Structures are given as structure tokens and as C-alpha cells.
Amino acid sequence: MTDTTLKTSGWGGSRLFTTATVQKAVAFVVLIALLAFFGLFAPNFATWSNMVGIMQATAVNGVLGVAVTFVIISGGIDLSIGTMMTLTAVVAGLLLTNLGMPLPLGIIGAILFGAFMGSISGAVIAYMKIPPFIATLGMMQIARGLALVFSGATPIYFNDTPNYGLLSPVSSISALIPGLEIPNGVLIMFAVAAVSSIVLTRTIVGRMIFALGSNEEAARLSGIKVNRWKILTYAISGGICGVAGLIVSARLNSAQPALGLGYELDAIAAAVIGGTSLSGGRGTVTGTIIGAFIMSVLTNGLRVMGVQEEWKIVVTGAIIIVAVFIDIVLRRKA
Amino acid sequence: MTDTTLKTSGWGGSRLFTTATVQKAVAFVVLIALLAFFGLFAPNFATWSNMVGIMQATAVNGVLGVAVTFVIISGGIDLSIGTMMTLTAVVAGLLLTNLGMPLPLGIIGAILFGAFMGSISGAVIAYMKIPPFIATLGMMQIARGLALVFSGATPIYFNDTPNYGLLSPVSSISALIPGLEIPNGVLIMFAVAAVSSIVLTRTIVGRMIFALGSNEEAARLSGIKVNRWKILTYAISGGICGVAGLIVSARLNSAQPALGLGYELDAIAAAVIGGTSLSGGRGTVTGTIIGAFIMSVLTNGLRVMGVQEEWKIVVTGAIIIVAVFIDIVLRRKA
Amino acid sequence: MAKEADDRAGEENVTGAQPEALPTLVDMRGIEKSFPGVRALQNVRFDLRPGEVHALMGENGAGKSTLMKILTGVYQPDGGEIRVDGRPVTLRDPQAAQALGISIIHQELYLMNHLTAAQNIFIGREPRKGFGIFVDEAKLRRDAAAIFRRMRVGIDPAAEVGHMTVARQQLVEIAKALSYDARVLVMDEPTSALNETEVEHLFTVIDDLKANGAGIVYITHKMDEVKRIADRVTVMRDGQYIDTLPAATTPMATIIQMMVGRELADQHRATGRRAEEEVLRVTRLNRGDAIRDVSFALHKGEILGFAGLMGAGRTEVARAIFGADPIDSGEIRVHGRPRRIASPADAVANGIAYLSEDRKHFGLVTGMSVRDNVTMASWGRFMSGGLFMRDGALGDVAKDYVRRLKVKTPHVHQETRLLSGGNQQKVVIAKWLLRDCDILIFDEPTRGIDVGAKAEIYRLLEDLAAQGKAIIVISSELPEVLRLSHRIAVMCEGRITGELDGRTATQEDIMTLATQRAEAA
Amino acid sequence: QETYFPIIAKGFSHQFWQAVKAGAEEAATRNGVTITFEGPNTEAEIDRQTDILNAAIAKAPQGLGFAALDSQAQVPALQQAADAGIPIVAFDSGVESDLPLTTCSTDNIAAAAAAADALAKAIGEEGQIAAVIHDQTSATGIGRRDGFLNRIAEAYPNIEVVDVQYANDALKAADNVKAMLQANPDIKGIFASNEGSAIGLSVALRETGSDIVGVGFDSGRTQKDAIMDGTLLGAITQNPVGIGQCVVDSLVKATKGEELPEVIDTGFYWYDQSNMADPTIAAVLYD
Ligand SMILES: Nc1ncnc2c1ncn2[C@@H]1O[C@H](COP(=O)(O)OP(=O)(O)OP(=O)(O)O)[C@@H](O)[C@H]1O
Ligand SMILES: Nc1ncnc2c1ncn2[C@@H]1O[C@H](COP(=O)(O)OP(=O)(O)OP(=O)(O)O)[C@@H](O)[C@H]1O
Ligand SMILES: [Mg+2]
Ligand SMILES: [Mg+2]
């Protein structure tokens with residue numbers, strides 16, 4: 001008996017190691033391979049400034065990826081993240097430029113608004129029992145329409161909010177550590193990822209999200225208020241989309257109301273490449289960030305290599321499949 | 001005992017009626033309600049020419065919806081349908097215009113090419129075990145890129161194939177029944193739907209697709225060659241996308257290589273509004289066609305009413321949710 | 001019956017003719033519940049006292065699980081009254097039941113596969129730290145380990161549930177129910193996947209709970225368990241209350257007769273008859289640690305039993321032969337010829353059928369009708385023009401099997417997910433009977449099946465063997481293995497540790513071999 | 001009876017189309033007619049534009065303004081309108097047919113050539129340059145790309161175009177330009193072919209601190225600011241407000257039976273720091 005216990009507990013330990021850590025490690029290997037490939041074959045790829053460029057190009061997709069990771073782990077999907085980002089950017093514009101609110105209030109307002117809209121998606125899914133795909137497809141349209149309505153279909157500029165650039169293009173860290181020119185938007189992405197990772201793995205919120213995604217019925221029968229946690233999950237996603245909205249609008253110094261369509265698929269791809277399972281219950285924020293990096297290294301590398309637009313699209317499509325394939329194969333081996 | 005059996009089997013009869021027929025009936029009620037609403041409140045809506053316009057606007061989405069219905073019932077998803085449609089249209093252009101093939105060969109060639117590309121998605125999903133969302137997301141990009149490559153990123157016109165218009169804008173039926181100006185594209189949609197419906201409900205192919213979608217592992221352990229049927233499912237989807245490609249290119253008298261992005265979401269929405277379950281194992285082709293009609297009646301009606309473009313987007317998003325909600329509520333009642 | 005109900009409706013604390021002054025914990029009266037097409041419960045009553053084990057018995061589909069789901073807030077009754085501690089209550093949802101100290105081990109496993117055992121056990125009740133938002137993972141694991149220790153099972157609290165066998169999952173489910181420290185604990189077939197040892201450990205735990213004054217509702221199809229632990233037995237049939245009797249003084253035969261409404265023939269041992277023609281030979285089969293050098297032969301007309309403890313590797317061997325899992329090495333000969341079996345389709349083509357132990361995930365297509373489930377392995381035979389399904393013919397054969405196996409279903413178009421567990425099992429059996437394979441591998445064929453149906457299935461297996469089929473029966477119930485098998489192969493840790501003659505083997509012989517670990521380094 | 005003109009554009013959510021809409025609405029108020037302004041989501045959705053056209057025809061309007069996404073593909077649908085006796089005015093880009101009574105448009109090829117001239121002059125007519133084009137397949141995208149590239153090829157033999165990238169959205173354009181600069185460190189100038197790509201260009205130049213010459217297209221606050229602070233050299237602007245007015249005015253004339261010229265060139269202008277304040281230029285710029 002003792003023997004069995006020992007054996008199975010050893011088994012269990014290494015299994016746990018497998019699913020959580022190796023999963024990220026796998027995506028990481030793909031990323032390193034891509035970096036090495038482009039470093040060798042794309043002249044001018046491996047420079048610090050290009051790395052900063054890649055990081056900056058990752059920020060928005062990375063943050064949106066984290067948003068959708070919450071939802072996917074909970075067993076849902078969120079197609080509205082792209083246009084929700086746009087809508088919150090517009091709301092930030094209204095609060096800051098049109099209403100002249102101070103910067104911190106505007107930031108909080110935009111994020112809360114994102115969370116509010118997200119919770120509407122969540123409520124529609126939880127109480128009206130609409131499948132998440134449809135509820136968020138509807139919300140994707142609603143957010144896009146509202147972004148156009150609120151903005152009058154013209155960009156809102158942040159010229160009257162001089163510090164708005166702090167939210168993304170400016171690099172505050174370079175003031176502390178000279179030479180480390182990492183833009184704040186990238187740092188915000190890492191901060192969002194770090195907090196999200198803790199929320200998912202260490203807190204009660206994360207536990208409930210994993211439980212929902214693993215077996216919602218079992219969670220319900222265990223006395224968990226499934227609907228409330230579901231709403232919270234979509235609210236978190238919406239709030240994080242708000243952060244993405246701030247980053248993108250700070251970078252463009254304007255809220256562009258027509259942006260965002262199609263961003264949802266990139267974000268979902270980042271999450272899945274990073275090992276998040278579309279059937280729920282499995283995923284990590286770190287994996288998603290690595291997935292987002294894989295996608296932007298790929299895009300950047302192909303651009304720097306000067307690959308033709310058409311072929312770039314083809315290759316990107318193929319590599320998404322290959323990256324997930326490598327992930328699956330290595331994970332099976334591990 | 002006899003009494004109970006009789007009673008329950010009577011009940012059971014109506015149960016069967018419920019899941020299959022009422023599901024469609026529900027979507028149908030929503031459609032009628034929309035038609036009635038716009039008929040009352042949108043002047044010029046209820047004219048024959050506008051009805052023809054609506055039918056024509058439904059043709060492509062309807063056919064794509066049928067394509068994706070196969071895949072969704074089988075438990076998968078196909079995000080590549082929009083760009084696959086474009087790619088097959090381009091291939092039709094190459095075969096007919098550039099290679100000067102006769103029309104029937106070109107048509108068959110394009111459809112077979114669609115089926116071939118679909119079977120690649122299917123093989124990637126079946127043998128490489130890539131989740132369908134990712135495999136077809138990759139394929140969506142690949143098809144888009146290939147459409148641009150094959151066409152040289154410029155439209156291919158069908159001016160040398162004078163009968164190409166027979167595939168969509170022309171109305172052959174009006175020659176038989178004067179006054180019935182239904183364009184051939186619409187008739188093709190109905191034909192595709194009719195054949196697909198028979199395939200899904202009456203043939204071994206359909207039975208396998210439902211089995212896959214309900215419980216793939218149980219099907220596999222029943223000795224069913226799951227992988228082959230899965231590949232066939234995606235091949236059917238690809239082939240039907242080929243038909244959509246022919247309809248759209250005949251209507252535009254040209255293969256437009258940039259078309260198709262985003263069409264997948266509309267087609268999926270049509271299927272789900274029509275009662276197809278995204279978790280697989282449940283759905284009807286008739287429902288999907290009604291779903292596609294609901295979407296185009298909505299778009300057309302709002303347009304004819306002169307609703308502002310922005311608000312139109314918002315309302316469309318909201319109504320997709322409401323339509324599915326009504327469906328769910330009525331089905332639960334039934 | 002109506003008269004008795006009237007009597008009881010009078011005073012709160014008067015529990016029928018029972019002389020003890022103990023208050024009732026739970027009292028359910030006149031419970032009604034219908035599902036579309038099925039009247040599952042009609043005027044059913046049930047009561048539970050502190051410190052007793054009250055067995056709830058009845059054939060498959062009698063309404064046992066439904067009654068208990070009503071008691072635990074999963075379903076709402078259409079009529080009737082539920083009293084807890086004498087007070088009428090409405091149990092709107094599982095939380096309401098939990099708040100009253102009622103918890104349940106469901107017949108079907110309701111676990112979160114991606115979470116660990118400990119996380120599953122305490123889901124929704126995690127110990128917190130750091131302002132109440134962080135989960136105290138260490139305490140969680142300690143508490144889970146303590147429960148496992150109490151149950152005397154060696155499960156790692158940090159192991160993911162999804163990677164466990166059904167048996168271990170069932171143990172986790174039990175641990176979860178125990179963790180509530182409930183006053184009322186409903187156990188719906190808790191031991192259907194467990195072996196003798198685990199069952200014995202569970203009974204010790206139940207004895208403890210009883211001593212602490214908890215009331216336990218125990219649903220099972222295993223008669224010996226009832227004798228062992230139950231104080232009272234309530235029998236249900238066809239959704240109706242039949243009677244409540246003291247367990248100690250009532251003969252089993254009486255209970256069985258009440259359940260099935262007729263008398264059952266006596267149980268007997270396998271006869272030694274078997275043909276010499278070899279149908280299947282497996283040589284040096286290997287697959288990782290799970291299957292090590294497994295070799296055996298199976299003959300025409302023979303029933304070969306596979307016995308062993310949980311995780312011994314019997315299911316693994318069956319799946320490997322069936323092509324469901326890839327093998328590392330080994331040879332499989334069917335009718336003397338070596339065959340490459342890379343998929344279940346290959347296996348079926350070679351005349352091998354496999355009935356999985358996990359019907360919910362691997363056996364049934366729950367969303368499809370009884371007709372389609374019964375026929376799905378044989379669809380190829382019911383086509384016209386190579387493409388169209390002959391649905392009429394499918395319905396006819398399905399009806400035939402429903403009748404032959406006494407599947408309780410309103411009609412063959414019912415979705416199988418709406419059938420009771422035992423009836424679902426019969427549907428899967430029907431699927432393989434219709435397919436008519438030469439070699440039948442039945443993995444836990446009577447899991448969740450009532451005594452009456454069990455006897456029918458035994459007869460069926462014997463008939464099949466008599467017709468010349470070669471049958472492997474994997475079972476964790478030793479009496480079942482002994483009852484059916486001409487020969488018994490015993491496994492331990494992936495090896496076959498010995499073969500016994502079915503006519504002479506005893507439970508002790510099997511247990512000796514089942515615990516015979518390899519003397520490895 | 002009220003006079004009603006549906007105006008069908010190639011899009012509606014971009015600044016340029018909003019400016020056209022503003023012009024059309026101004027002219028509508030002036031002429032006492034009602035209009036609606038609509039367009040598909042993206043310039044790729046040609047079949048959906050045809051559906052919009054069909055819905056518009058169903059409303060039996062007195063005239064129709066139409067900016068065709070493809071010069072040939074929608075001719076059959078337009079034919080229906082013509083058959084119904086609805087006067088058609090094309091705008092932005094033309095239709096290969098004599099159905100429209102007139103076309104209010106900018107000559108995209110000439111406009112892009114003017115951008116090429118300005119860029120060439122600013123870099124001393126030699127060295128490497130590149131372009132970010134907003135669309136690979138649409139008429140405006142192709143027109144502006146080819147107008148620019150052909151002009152460079154014909155007139156400036158010492159200038160080499162090292163890269164042409166495609167991006168319509170400002171964010172993607174910014175990342176695109178940065179990759180472009182990375183791959184070709186010797187680039188001296190970049191042309192961006194619409195508002196979105198020009199915003200991206202200015203963001204990329206600001207973020208990299210690059211002092212190369214950037215030339216944009218269209219107007220909008222970001223571009224104007226970028227020109228004022230020297231991030232961009234200047235840009236070509238069409239006259240979207242003028243286009244909108246032209247469409248409605250022409251339709252009004254058509255309903256009165258007046259003759260219309262085959263093409264009404266609404267013109268384009270080069271603007272930079274030096275002339276942004278000119279009343280003529282300021283009038284065609286929008287925020
Ligand atoms: N959700 C449901 N919808 C329709 N019918 C149901 C549903 N749940 C149970 N039934 C039916 O109610 C009857 C009682 O089922 P129940 O699960 O309570 O039986 P049981 O006594 O637990 O049987 P078993 O021993 O096989 O588990 C069965 O005929 C079953 O088919
Ligand atoms: N919880 C677990 N963790 C790790 N390995 C396990 C676990 N459960 C079972 N295994 C492994 O699975 C293999 C055998 O499982 P299998 O299901 O074939 O056993 P079985 O004899 O059919 O038992 P039963 O079906 O009664 O559980 C063994 O190698 C065992 O080590
Ligand atoms: Mg039961
Ligand atoms: Mg087993």
C-alpha cells in the first residue's frame with residue numbers, strides 16, 4: 001500500500017509539472033526557434049531597436065490575449081475583445097478630451113466601462129443561456145456600433161491630455177535604467193500578465209474560473225454560484241480590453257473608432273499557441289504572452305526579410321498550425 | 001402498463017417532433033415576425049423586387065452557412081469558409097478565363113478544388129490533432145494568401161465566359177414561369193440546402209457526422225473510421241464553399257481576391273440562429289437557411305428603414321442575441 | 001398504501017410503527033416527478049433516521065437516483081413534501097440542501113478533470129488566506145490528505161483528477177462527500193467501480209459516520225453490501241414505493257422478489273465446457289508500464305475472466321487488443337493469423353468487440369437516440385444504394401433488442417442520455433450483440449446493473465459462449481468472475497500473474513495472485 | 001413628394017468617408033433634399049455593397065450616388081437602377097460604363113504622382129524609399145500605389161523603391177513601418193497612401209525618432225499635427241467635402257434634367273507647413 005502511494009504520488013507530481021510548466025516551455029522553445037531562425041536569415045533582425053519594436057507590436061495582442069485567456073479557461077470564448085478595446089478607447093477619449101476629466105479618473109473610467117460591458121456579455125451568457133460564441137459575436141457588433149456612435153465616427157485626439165503618452169509610447173523605465181528603452185505599453189502588458197497570472201493560479205477567482213471550464217455542471221452541483229463567477233470572468237476580460245484600449249489609443253494619440261475588427265482572432269490564436277485549451281479548464285497567462293510574441297516575431301521577421309505580402313499571409317497561417325502542432329507533439333511526449 | 005406505454009410513446013412522438021421540427025419552426029417564427037415588422041414600418045420593404053434583393057443577399061451567406069453547418073454538427077468549426085469561397089472563385093477564374101476551360105469543367109474544377117482544400121483542413125484536424133478552431137484559422141489565412149497569389153492581387157473578370165452569369169444573377173426560372181424572377185444563385189442555394197438536408201438526415205454520411213459531433217470517442221470505439229469521416233466533413237464544407245465562390249463571382253462577374261474575411265462569422269451566426277448547436281451533434285440545414293434569411297431581412301429592413309449605419313450595427317448585434325434567445329426559450333417550452 | 005400515507009400525515013414525530021423515539025432526519029412524502037415521456041416517481045415516500053444506513057433498492061430505472069436528486073436540490077419535485085428535522089423545507093438548489101447538511105455522491109461522476117483531487121474535494125469551500133482572496137493551497141492539500149487517510153486510500157491530493165482511473169475518481173467523489181461532514185449523506189452506487197478492499201475501507205468509514213449520528217442513504221445493486229451495512233431497506237419499483245423493511249431480518253430473496261416482482265433462479269457456477277479451437281492469441285504485449293509481457297489465448301465458446309485490483313491493467317490490455325491505444329510491442333493472432341490492429345475499426349473488422357467500462361464517455365453517444373446507439377456499429381449493414389440509411393429497418397432491430405434486453409425506454413427515439421444508468425448499459429451491450437463479433441471483450445459489463453438484469457446478462461453471456469463466441473469478461477466483482485468464467489486470468493501491475501480454472505478457483509486464490517507484485521528493483 | 005438620394009460609399013467609418021458624408025449632408029440641406037449615407041464594413045466586401053445598392057434601389061429614390069468598389073462588378077446592379085429610371089452619379093472612383101451621368105472624383109493616379117514628386121524633391125531625387133499602401137486590391141489602393149511607383153520609375157531614375165507594404169489600420173501600419181526601417185536602414189523617405197497608414201507612418205517615425213521624409217495622404221488631426229511638428233513633410237489631400245457636395249449637387253441637377261459633364265474633377269492639393277493656413281487648403285482639410 002505504502003509502495004503504491006509513493007508511486008502514484010510520484011506520478012501525480014510529475015504529471016502536474018507536465019501540464020503547467022512544460023506547456024509554457026514548449027511555446028517558449030518555438031519562440032526561441034523563430035528568433036534564432038530570423039536572427040540568422042533576416043539581416044537587421046537581431047537588433048535591440050527591432051526587439052523593442054517587436055515588444056511594442058506585441059503589447060496590444062498580448063493584453064487582449066490575456067483577456068481572452070480568462071474567458072477560454074472558463075470554458076467560453078470572447079469575440080468582442082477587439083471592438084471592446086476600441087469602444088473603451090473611445091470612452092477614454094470622451095472622458096478625457098470631451099469631459100476634461102483628470103487622467104487617472106479617465107483611465108479608471110475606461111477600464112470600469114470595459115468591465116461593465118463585459119459583465120453584460122457575461123450576464124447574457126449566464127442568465128439568457130446564449131452560447132458565448134453568439135453572445136460575444138453580438139457584443140462585438142454592439143461595441144463596434146457604439147464606438148462609432150459615441151465618437152461620431154471620427155477619431156478623438158488626446159492632445160489636451162499631454163501625459164496620455166505615458167500609457168504607452170513613452171519609456172519611463174529608461175529614466176531609471178538608462179538604455180533600457182522599453183515603452184510603458186510593453187511594461188503595462190507585463191504587469192497585466194503578472195497580475196492575471198496570480199489571479200488565475202493563486203486566488204479564489206482563478207480557482208472558480210478553472211472549475212467552470214473543467215466541468216460547469218459539477219461546479220454547480222458543488223454549490224458554486226456558477227452564474228456570478230461567469231459574469232465576473234467576462235467582466236475581467238472586458239476590463240483588460242479596457243487596458244488594451246488605453247495602450248492602443250495612447251500609442252496612436254487618438255481613439256480610432258474603426259479599429260479592432262479581426263483582432264479577436266489574433267488574440268485567441270495567441271492564447272491557443274500558448275497552450276490554452278479551447279475546451280476550457282487549461283491554460284496559462286505566460287503561455288499566452290509567449291504565444292503573442294510568437295505571432296509578432298513571425299510577422300516582424302517576415303517583414304524584415306521582405307517576404308511578399310501574399311506569401312506572408314500564407315506563411316503566417318501555416319505557422320499557426322505548425323506551432324500548435326509542435327506544442328501538441330511535445331506535450332504528448334513530455 | 002399498456003396504458004403507460006401508450007401514453008409515453010404518444011409523448012415521445014411529440015418529443016421527436018420537438019427537437020427536429022420545432023427547432024426550425026422557432027427560427028421560422030422569428031423570421032416571419034421580422035418580415036411583418038418591416039412590412040409594417042419600412043415603406044417599400046414589402047415589394048417583390050426587394051424580396052428578390054433579400055433572397056440574393058442571402059444566397060452566399062446561406063450556402064456558406066450550410067457548409068459550416070456540416071462541420072459544426074460534426075463537432076468542429078470552420079473559420080476558413082469565407083476566404084475559401086474567395087479562393088475557389090479565383091480558381092474558377094483561372095480555369096475559365098486564364099486557361100479557357102469550358103464552363104462545366106471550370107465549375108467542377110472549382111468545387112473539387114474547394115473540397116480538396118477542405119480535406120486538407122480535415123486531415124490536419126484528424127491526423128495532426130490540431131483543434132479545428134486553429135486549423136481552420138490557419139487555413140483561413142492560407143486560403144486568403146493563396147487567393148491573392150493566384151490572382152496576382154487583381155480581380156479576374158469572366159467577360160470571356162458569357163454564360164457565367166447563369167450561375168447567379170440570371171433568372172432561368174422566369175423563362176418557365178414568367179414573373180418568377182428568382183435569380184439562379186438563389187435557386188442554387190435552395191438546391192444545395194435540399195441536397196445537404198438529405199445527406200445529413202438520410203444518408204450514412206449524415207449519420208456519421210451526427211455521431212462524430214455527439215461523441216467522437218464513442219464513435220471511434222464503435223469501430224467507426226472517425227478520421228476519414230472527419231476529413232470528408234471538411235471536404236464537403238470546402239466543396240460547398242466552392243459553390244458559394246461560384247455564386248458570388250458570377251454575381252460580381254469577377255473573382256475578387258480580397259473578399260471573404262469576416263464572412264465566416266456571419267455564416268456561423270446563421271447556423272446558430274437556425275438552431276445548430278456549437279457543441280456538435282445537433283442542427284438542421286433548413287434552420288441554417290432560415291437563420292441566413294433572418295440576418296439578411298434584418299440588414300435589408302434596417303437599411304430600407306433608413307437607420308443610420310452605426311445604429312444598424314448595434315441593432316444587428318443585439319438582434320442576433322435576441323433571435324437565439326427566443327429560439328432557446330421557445331425550444332425549452334416546447 | 002394510501003391508508004398508510006394518511007396515517008403518517010398526522011403527527012410530525014410519529015414515524016409509523018417504529019417504536020424508537022429517535023427523531024427523523026429526513027422525511028419525504030408523496031413525492032411526484034415526471035420527465036417528458038416518463039413518470040419517474042409516483043407518491044413515493046422515504047425517511048431517514050440519525051445513525052442509520054438506509055438502503056434504497058430497485059431495478060434500473062426504478063427512480064432511486066431521481067428521488068435522491070430531489071432530496072439534494074438537483075431536481076424540483078412536481079408534488080409532495082420534504083421535511084428535514086421535522087420542518088418542511090423547499091430545496092431550491094444544491095446549496096440549499098448543503099446548508100441543511102445534506103450531501104451526495106452522485107452515481108455519475110461530477111468532477112472537474114483539470115483540477116487536482118484536493119481542489120475538487122474543496123471546490124467552492126477553499127481555505128483562504130491573504131484578505132480572503134488567496135487560496136491556502138497547503139492547507140487544502142493537508143485536509144484532503146487527511147480524508148484520504150481516513151478512507152485508507154493512496155491518492156495524491158495534488159494529482160489531476162482527469163488522469164485517474166474511474167475507480168480513483170469515484171474515491172475522490174466519496175472523499176468530497178465526506179468532507180462536508182454532512183448529517184445526511186446520500187451514496188448513489190458509490191462502489192460500482194471499486195474493488196473489495198476499497199469497499200471494505202469505505203464501510204469502515206460509514207460505520208464511523210453512523211456512530212457520529214449521521215444518516216446515510218445507500219443505493220446499490222450489490223446484495224451482499226446491503227447485508228453488510230444496511231439497517232433498513234426501502235424497495236422501489238417502476239417509480240413507486242413498495243415497502244420498507246429491517247435489513248437484518250429480511251431474507252435477500254424477499255427483497256429481490258419485491259424489486260423485480262418475481263422470483264429469480266438460483267446462481268450457479270460456470271460449467272467446464274469449452275472447445276479447443278483457438279480464436280485469439282496475444283503474445284508478449286507491452287505498452288509502457290501499464291502492460292508488461294501479457295500473453296494469453298482465448299478459445300471458441302469460452303468465457304475468460306480477467307480479475308485484478310484497481311489499476312492492474314486489465315482495461316489497458318483490452319483497449320490495446322481493440323486498437324484503442326497504440327502498443328509498444330507484441331503480437332495479436334486472430335483465428336491463427338497475425339493481425340495488425342491499429343484502430344478499433346481494424347479490431348471490429350477482425351471480429352473483436354469491446355464494451356468499455358466508462359459508458360458515459362466511451363460507450364454511448366448520449367445525444368443520439370436508442371435506435372442509433374444500438375445500431376451504430378452496424379450501420380454499414382443497413383444501407384440502400386450504398387448511401388441511404390434504412391431507418392425503418394434500424395428502428396425494427398432496435399425495438400427488437402430493447403425488448404430482448406428489457407431496456408426501459410418510452411420508445412427507441414429517446415435520447416440515451418435520458419435513460420437511467422443501467423438501461424444505458426444495456427443499450428451499449430445491445431450495440432455489440434447486434435454487431436455479432438466472434439470475440440467479445442466486456443469490461444465491467446454489469447456496472448450499475450440491477451440484480452434482475454444482471455442475471456439476464458449472465459444468461460446472455462453464457463448463451464453467446466454456447467453459440468461459439470469467445471468472450472473476455474473483465475470484472476472487479478469476484479463473485480461475478482467466479483460465476484461466469486471457464487478460466488480466470490489474474491493481473492497485477494500490468495502482468496498476468498496467473499491463470500485459474502473457473503470451476504475450482506476461490507476468491508482467496510484470486511486475491512493471492514492479484515497482490516503478487518513483481519520482485520523488481 | 002420628397003426628394004431622396006441614397007449615397008452609397010465604399011465605407012463609412014473612416015474619416016475620409018465621414019468628410020464626404022459631411023459635404024453631402026451640407027449640400028442636401030442646401031438643396032432641400034434628404035439623403036442617407038451608407039457603405040460596407042471594408043473595401044473588400046463588394047458583394048455586400050451590391051446588396052446595399054439593391055436595397056437602395058428598392059426604396060425607389062429620385063437619384064443615386066455610388067462609389068463603386070470595383071469598376072466592373074456592379075454594372076449589372078447599376079443597370080437595374082438605370083432601368084428603373086433612377087439617375088446615377090458616381091463618385092470617388094468611376095464605373096466602366098456610361099450609366100452614371102457624371103463622376104465626381106479625384107484622379108488618384110495623378111494625386112499619388114504629386115506625392116511622389118514632393119517626396120523625390122525632399123530627398124534630393126536619389127536614394128532609397130518605400131511605401132505603405134492601405135489596400136492591395138481596391139481601386140484606390142492600386143491607383144495610389146501605381147501612381148506613386150510609376151511616377152518614381154519614370155521621372156526619378158536614381159530613386160530606388162526598396163519595399164512596399166500593406167496596412168490599413170494605424171496600429172498595424174506603425175509596426176509595419178518600423179519593420180521596414182529595420183530591414184532597410186538607408187531608407188530616406190516613405191509614402192503612406194491613406195489616413196490610417198499615414199497615422200501609422202507618423203507614429204512609427206515618432207517612436208523611432210527617425211528623421212526620414214514622410215509623405216501622407218488625406219487629412220485628419222494626427223496628420224496635420226505631424227506635419228506641423230515636422231514628423232511628416234506634407235500630404236496630399238483630396239477634397240472629400242467637395243466630393244460629397246458634388247454628388248448631391250449633380251443629382252439635384254440631374255433630377256431637373258440639366259446636362260452634366262462626363263467627369264467632375266474635385267481636385268487634390270499638396271499641403272505642408274507652408275500652405276496649411278491658406279484658406280483654399282484649410283477649406284479642404286478636416287479634423
Ligand atoms: N432528466 C431526465 N429526463 C427524462 N427522463 C429521466 C431523466 N432522469 C431520469 N429519467 C427517467 O426516470 C426514470 C428513473 O431514473 P433513475 O435514474 O432515477 O433510475 P435509478 O433507479 O437510479 O436507476 P439505475 O439503477 O439504473 O441508476 C428512468 O426511466 C429514467 O429514464
Ligand atoms: N491515478 C492514477 N495515477 C497514475 N496512474 C494510474 C492511476 N490509475 C491508474 N493508473 C495506471 O493505469 C494502469 C492500469 O489502469 P487500468 O484502468 O487498465 O486498470 P484496470 O485493471 O482496468 O482497473 P480498473 O478498471 O478496475 O480501475 C496502471 O499502469 C496504473 O499505474
Ligand atoms: Mg441511478
Ligand atoms: Mg478497468
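Backbone N, Cα and C define each Cβ position, glycine as well.
Unlike curated records, TrEMBL annotations are generated automatically.
Noted in TrEMBL for the protein shown:
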TRANSMEM  A:25-46  transmembrane segment
TRANSMEM  A:52-72  transmembrane segment
TRANSMEM  A:79-99  transmembrane segment
TRANSMEM  A:105-127  transmembrane segment
TRANSMEM  A:134-158  transmembrane segment
TRANSMEM  A:186-210  transmembrane segment
TRANSMEM  A:231-252  transmembrane segment
TRANSMEM  A:285-305  transmembrane segment
TRANSMEM  A:311-330  transmembrane segment
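Recorded stretches compared: A:105-127, A:285-305, A:311-330; the one with the most Cβ pairs under 8 Å to the transmembrane segment (A:25-46) is A:285-305. Beyond the ends of the transmembrane segment (A:311-330), by six or more residues, the same chain brings 22-23, 26-27, 29-30, 269, 272-273, 275, 291, 294-295, 298-299, 302-303 to within a C-beta distance below 8 angstroms of the stretch.
Of the candidate ranges A:52-72, A:79-99, A:134-158, A:186-210, A:231-252, A:231-252 has the most C-beta pairs within less than 8 angstroms of the transmembrane segment (A:105-127). Sequence-distant contacts of the transmembrane segment (A:52-72) (same chain, six or more residues past either end, CB-CB distance under 8 Å): 78, 81-82, 85, 132, 168-169, 181-183, 185-186, 188-189, 192-193, 196, 200, 209, 213, 233-234, 236-238, 240-241, 243-244, 247-248, 251, 263-264, 266-268, 270-272, 274, 276-278, 280, 283-285, 288-289, 291-293, 295-297, 299-300.
Remark: the transmembrane segment (A:186-210) contacts the transmembrane segment (A:231-252), by the rule of 3 or more CB pairs under 8 A.
Sequence-distant contacts of the transmembrane segment (A:134-158) (same chain, six or more residues past either end, CB-CB distance under 8 Å): 76-80, 82-84, 86-87, 89-91, 93-94, 96-98, 117, 120-121, 124-125, 128, 164, 249-250, 253-258, 260-261, 264.
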